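A short write-up of the structure that comes next.
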């Protein structure tokens, strides 16, 4: 504010503060008006600094004047303020704003006359304002001055903020003052993203251009020399004219103002767009009943600006419609002001009118004039009742005891007795806030199971007993309730009709009220006065004793109170006589809320016809279920339906009801499966006493969510449609509905929780309705606990039938047979069949799988092969010889029953694995030899090319996972593989697999590696450069090799692929070489297969290669990038490419060019992604005009630890971009932030830490990075913050160079994006994933992932592994900035790494080393030595 106050100084400020805002008004100008004016100018993209001089004020006035006619009130106020300020600067004496405007008008008229005079004298020396696009140079020639970015930015901002509201038109008019058609088109292009609006504008311009051409026909004949041609419509729109022509027309004699004409056309188009975006007519703008007048005026003028009418019409609208459409409150006031009132007077008069506050004031005024009017809120019960306030203390009316001025009366104000106060009075009253219970004489009754299960799961309702006038209070308090009581549900208020004194009345059954209170009714007999306390205070009543009342055909006699009660109440004094009880039947389990999937409705599927016997069976079943409250009848108002049918139970004449809930299941929300698998007996601890229970009708014991029940509706049809079908819906969890298992499990867990907490010594395994209960208690104690558990379940409505209560072993549980000290699967009988169908085989495989968990050695691979492919279930499948053999072996294994033992937590687990051949493995898990806890098999082949070691590692992982699930720990393994073999393979593949502790066991057949690849080239052996190529269209290919000794060979192949030809070339080299050979390939595919050392494969060609490899003594295989200019590789490339390869990379050129136009990828990325020769890729980059700005990056010594990021703010287009760089990889995260504050930086750091492992950040000393918010964020996320040191090369080098790089990429893609924030994210994507180079030839995105993954692996696996030579280290010496390497990694510590470079062992600080996996690029030549961090 201080800055703006300096616009005026000293005496001028005093003059400013004497000027009045309005003639005769009280308010005067203040400093705040200057501050406001400068902010408004800033908003309209005008320089606020112009306010400091008279000349500047004049320039502002010239700019604002054209917008006054159509502008907002703010523009007019701004114009008035600047006009007044101009007068103060010029020392022109004025008293108020009006005088200032008159003076300005006078000056402008004088200037106009002078200008006209000067024009006639041809002495026009006046300076044109710099804001106009056409200015005169020193020679007096008109020159175009392009629109400033500030003006364009202001225009874009207007459209972004206002969309196409009416304000846009005056803003456009002001910003485009004097512009040429080219400038106007520039303005339209900046908002080209609004395509619909631009299309409408284009149509209007085309129409106007056509109209111009019609009215101004072109003159016949050529244009005379020196004469300017006449503009056509398309010339005015700037499409067929150039800038010089436009300037010529605008400054010619006579001038043709093409800019103004085009501007007029655009404004016509903008008017149409505004009408579309603001479709409300001025006639529809009416003030709401509670809408403040100010808001109504805002809406009115906004709509008025959008109206396409002349200013006179708009003035008429303001005068008439504004008052006419106001609400009645405001209209009254506005009419009173008269017709000549200004808008300001109207707004002042209507301030505060029309809102709730105004209504309250009017009401208060009205209320103050009404004396003693009672407003009663209740029904008609209080018709003649006038409540007079009376003091308890002095007895006078008009005040209450709390406000009484008389001396305090002794004793109780209610009963008059001394010794207590009224609040402690024990005199009888209807005490709504009582603490005594309803039935003190007996405890809450417990239900018998039968009764519990007979009631509806939803009802929580009072029941009135017929018969005895008093409740039974037998010794056990167990009395059975007959089912013919009236039931009153509590979904609505329990209102009943009662007969009292020969009259019928409606009354509320209130178990919370002590007394029965009725409203005015005439009763015979004597009464005595009484006062009772209620919710609304104290009321006076008449007490009648021994009054007979009849409710629901039952009679009771008791005390009744008559008085002004809001509702008739039957209290407990009557209810207890009637034998009314509150019942809580079935399980009081909370229902789990369930919904349909969003946007879906319930099922509406018609019932299909059923046979007579099925209809009878279903009718009977549903009648029983209805009686038990499990289903309820519903009417035709429920539109949903699910089909129902019936099937006969196994080995029984009884029927089972089945509802086809498939459609409802599709529409029901998804549930999280509470239990992810079934418990396994091998995980059970050995227990002294065991019981197995089963919950009867498990699902039917749990209520279904009330609002969901309607969707379970079904219909029992009648025979021959004799009558409408009977409609039901479920009240409990239905069988076959997808939510039932999860909700049941969840409810059961909640119910068992208190029992488990009370009895920690008891183990309960719960799976659906099967319960295994084990303990180390004596059998009698154990059985007492079981009884307690069953009672606990019964209390919640879960019935455990005796029929399924297993007390003695063997226990049948979950398909297992449990004995006290061992377990097995329930007996398995394999069928004997002549013909096997697909379905039979599926069942057989299922049984064998089930048996394999305890019977070792079971195989099913050959049986599974029989049912591969799409076959019908009933198709007959002939058994192959192998399958018959496998089945016979399995039958033999199953002849002898095998048992498993139980788990002893004190002993360790051991897992032993055997290889069965044909990719099948078997294993046993035990704690004592020959006493298996469980067994299993493994027969998966996860990849096409594999070897036994790889498969063994997969077996071990499967067992480890299984053990963690069952026992919560991993076993110690005994594996049939020698330590040396394992170590050899593990050295190469330790990254891919984790193996727990293990030992060698000599169980043939042993696992071994059949051949081994060398790590270094074999000295003296011939080197074969191999390559293959294939044409995609003709499928013709070539494979061949060239050796370092000059040998070469090429063969032609048909019906092949690139990958096959590469493998074929390796096979040729192996065939034609000696017992030792070096092979160099450019195929990552071939390298990947062979480096994994497979000993079997689904590919015949790979099997042939394996056979050749086994014959060799030594083989070295290496990879080089394709077409790298490496001698032999380039030769063989030419050899196999003749007539083949040409096609391959040519079809990549177009795609690469297309990608480069989008992402400006560097040549390495294109060569790699599109298989292009470097020459072609470099040519694409060279021909791109945006990629020729590259400079060299400077390199200091930077900390390259994996967790270090550098942060910095950079500026572009007047906006702030916060950039974070991962130092080790060059990966970037960047974002446009609203302001350079600590809050924004802290939020960015937290977001960064949420996505990547950030250990330390390095920033400059800017106030945003040194702020408390950033420190707090770093403290919370455990990030170390370091600050840059000025003049230190290690300071902020990486992020500074990345800022430059990012800005360069933004420049390349800027025109593809409308907003800077979009361009920034596009540039980040391009830098991270579309630019390759530097270490490993990766992109920054690939490099960061590799570095982080490598860091994790080296940290975690170092504990178990010592041979980590497979990683390569690139490092820098203290003085030399060039990266050296690759060196071997010997050890990785916290602060340093030990490496071996050639024969020298060095210790390098961790921050000066980068560790990455070696992918066999040792022979790639100089090109593979790590370059700089960015691209070459």
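Numbering starts at 1 and runs along the chain as displayed.
Yeah, the Cβs are placed from backbone N, Cα and C, and that goes for glycine too.
Listed in Swiss-Prot for this protein:
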- 2: N-myristoyl glycine (LIPID)
- 7-31: region 'Interaction with Gp41' (REGION)
- 8-43: region 'Interaction with host CALM1' (REGION)
- 12-19: region 'Interaction with host AP3D1' (REGION)
- 16-22: motif 'Nuclear export signal' (MOTIF)
- 73-77: region 'Interaction with membrane phosphatidylinositol 4,5-bisphosphate' (REGION)
- 189-227: region 'Interaction with human PPIA/CYPA and NUP153' (REGION)
- 277-363: region 'Dimerization/Multimerization of capsid protein p24' (REGION)
- 443-482: region 'Disordered' (REGION)
- 460-469: compositional bias 'Basic and acidic residues' (COMPBIAS)
- 486-490: region 'Dimerization of protease' (REGION)
- 505-574: domain 'Peptidase A2' (DOMAIN)
- 534-540: region 'Dimerization of protease' (REGION)
- 573-585: region 'Dimerization of protease' (REGION)
- 811-819: region 'RT 'primer grip'' (REGION)
- 985: site 'Essential for RT p66/p51 heterodimerization' (SITE)
- 998: site 'Essential for RT p66/p51 heterodimerization' (SITE)
- 1156, 1160, 1184, 1187: Zn(2+) binding site (BINDING)
- 1198-1348: domain 'Integrase catalytic' (DOMAIN)
- 1367-1414: DNA-binding region (DNA_BIND)
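Residues 1, 38, 51-52, 81, 84-85, 88-89, 91, 94-100 of the same chain lie 6+ residues outside the region 'Interaction with Gp41' (7-31) yet bring a C-beta within less than 8 angstroms of a C-beta in it.
Listed by sequence, the residues of this chain that lie at least six past the ends of the region 'Interaction with membrane phosphatidylinositol 4,5-bisphosphate' (73-77) yet keep a Cβ under 8 A from its Cβ atoms are 40, 44, 64, 67, 170, 301, 343. DSSP assigns residue 1156 (Zn(2+) binding site) to a helical segment in the three-state reduction. Within its own chain, the region 'Interaction with human PPIA/CYPA and NUP153' (189-227) is flanked in space by residues 152, 155-156, 159, 164, 233-234, 236-237, 261-262, 265-266, 268-270, 272-273, 276-277, 1314, which lie at least six positions past its ends and keep a Cβ under 8 Å from the stretch. Counting residue by residue with DSSP, the motif 'Nuclear export signal' (16-22) contains 1 helix, 1 strand, 5 coil.
Cβ contacts within 10 Å of residue 1184 (Zn(2+) binding site), excluding its own Cβ and spanning all protein chains shown: 14.
Taken together, the residues of the region 'Dimerization of protease' (534-540) have an average pLDDT of 71. Residue 1160 (Zn(2+) binding site) counts 22 other C-beta atoms within 10 Å of its own C-beta, drawing on all protein chains shown. The Cβ of residue 1156 (Zn(2+) binding site) lies under 8 Å from the Cβ of 1166, 1180, 1181, 1184, each of which sits 6+ residues away along the same chain. For the region 'Interaction with host CALM1' (8-43), the DSSP counts in helix, strand and coil order read 19 helix, 2 strand, 15 coil.
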